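The domain 'Porphobilinogen deaminase N-terminal' annotation in TrEMBL covers 10-221. Summarising the annotation, TrEMBL assigns domain 'Porphobilinogen deaminase C-terminal' to 234-294.
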Amino acid sequence: GENGVDSRVIRVGTRRSQLARIQTDSVVKMLRELYPDLRFEIVAMSTTGDKILDTALSKIGEKSLFTKELESALERNEVDLVVHSLKDLPTSLPPGFTIGAVCKRENPLDAVVFHPKNCGKTLSLLPEKSVIGTSSLRRAAQLKKKFPHLEFRDIRGNLNTRLKKLDEKEDFSAIILAAAGLKRMGWENRIGQLLGPEDCLYAVGQGALAVEVRAKDQEILNMVSSLHDADTVLCCIAERAFMKRLEGGCSVPVAVNTLLKDDQLYLTGAVYSLDGSDSLKETMQTGVSYPHQNEDGPNDDVQHVGITAKNVPGQAQEAAENLGVELASLLLSKGAKHILSVARQLNDA
């Protein structure tokens with residue numbers, strides 16, 4: 001292929017943080033195994049979210065905090081694909097972009113990392129007024145309600161910075177992080193407690209990696225699409241559709257839990273007030289067992305909440321998206337809009 005993919009270097013964009021690099025390396029490793037003749041080059045850059053470290057994420061008021069600079073490089077053809085944590089990607093992507101691959105999901109649960117002096121404890125055993133660090137409104141809202149004896153305070157920075165703040169100072173008794181990130185960094189031994197769905201529902205897309213590409217770049221799209229994990233794709237389409245219909249984002253507490261079992265997709269979704277006192281939670285399910293049809297022609301690249309997954313049956317993707325939309329509509333009919341708008345106003349204030 002004189003001008004085809006196989007004669008050029010594929011440039012892969014990533015954030016500079018150690019975790020982002022590890023995630024990107026893992027995706028490139030899979031691509032190298034699938035395409036041993038191709039050359040891959042990693043291009044690292046800093047994003048707004050990496051630079052503004054003294055402000056709570058939910059207060060910066062920028063939708064694509066960790067993705068904008070990477071998308072600009074993609075737009076300018078400086079890179080061919082970008083690796084993100086799926087939970088950092090807004091449910092509506094800028095025109096011209098698509099998520100060309102969603103890799104097999106790592107454990108999506110949240111994890112508690114304790115200060116060395118609290119080693120062996122759980123959240124319920126921490127003393128009254130212990131301070132827990134988290135940068136997520138979603139985590140704080142759920143845990144305040146569940147553990148009213150604890151105090152929650154904002155903590156920012158990448159994983160390394162946050163663990164350092166926890167270990168070297170006495171400010172925090174524990175911090176809450178995504179189990180997936182800790183696992184990828186090789187710090188699984190720091191997880192003192194995994195928070196199951198009964199304690200804390202997770203973020204939309206948490207634990208999954210996404211590969212963003214130019215929607216019209218057919219060669220790159222075809223190349224990365226082999227990384228899709230069908231189960232993860234269906235779960236994440238449902239979660240993203242739920243979030244999109246609610247118009248949720250970083251500045252409001254929206255949480256999910258998905259389960260795909262025996263061709264049934266179960267989605268639990270919830271919205272919370274900032275202090276967790278007010279909440280709505282429901283579960284719905286749908287069948288996702290559909291044959292793969294060859295959908296050539298104009299329907300070729302149908303996107304579902306920003307995801308293009310040619311190798312996953314279109315009807316299954318549609319069913320997953322409808323599930324998310326219907327669950328969100330149910331919560332909206334029960335008053336979710338009010339809870340979320342109050343949360344948004346309080347957070348903005």
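Glycine too: its Cβ is placed from the backbone N, Cα and C atoms.
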Tally of DSSP helical, extended and coil residues in the domain 'Porphobilinogen deaminase C-terminal' (234-294):
13 helix, 26 strand, 22 coil
Mean pLDDT over the domain 'Porphobilinogen deaminase C-terminal' (234-294): what is the value?
93
